[in-house]
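Undergrad: Just passing along the structure, written as structure tokens.
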Amino acid sequence: MKIVGITGGIGSGKTTVCRYLKELGVNIIDADEIGHRVLQNKGIRTRITDVFGNEVMNPDGSINRKILGELVFGYPERLEHLNKITHPLIEQAIASLLEEYRQKGIKAVAIEAPLLVEAGWLKLVNEVWLITAPKESIFKRLRNRMGLSREQVMARIQSQATDNERLKYASIVINNNCRFEDLKSCVQLLAKERLELA
């Protein structure tokens, strides 16, 4: 089974690349989505409130990701503490899905993980595709998609590895500074060549 890690900074276009891969029959594992599910785990919620206080809780007992994000982004020590709580369970869930796909004879899997390098998940993949985009495009996407201010976007960008750091591990670099049609064609070609998909 071919396993590719799709990584890059926030707003770089990882999800778009994964959407195109899914259209080609690649199974997608979204690490952020798994992370959101991990936050629903009662034991994890308790550990998070022990560290960050009850202010991160919604009235229904779930974690308020917006408030939690404000508390950790821009504060490396806090973010590291949160990651130590959540990353082991996320990795465990990814590994479990990969094993399930292996058992089913799945040919190709892509793991969408912005923190693939930082979380130490490189061991889960055969190769890394790095998605990059100009900063101004990222600011625009995140303002439109998430309603984040420039300062909030910068805090998130600075909490992640730089593209230069990720580049050390990348087999493929996709510069998402093009039209959707061109990006889709690029992904189709890479899927054919690297994942042996027709």
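Cβ from N, Cα, C; glycine included.
Here's the feature list from Swiss-Prot:
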BINDING   G11, S12, G13, K14, T15, T16  ATP binding site
DOMAIN    3-198  domain 'DPCK'
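What's the neighbourhood like for these features in this structure?
TA: Under a cutoff of 8 A between CB atoms, and with a sequence separation of 6+ in the same chain, the neighbours of G13 (ATP binding site) are I131, A133, I174, N176, L183.
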Undergrad: In the same chain, outside G11, S12, G13, K14, T15, T16, whose C-beta lies within 8 angstroms of the Cβ mean position for the ATP site?
TA: G8, V17, I131, A133, R141, N176
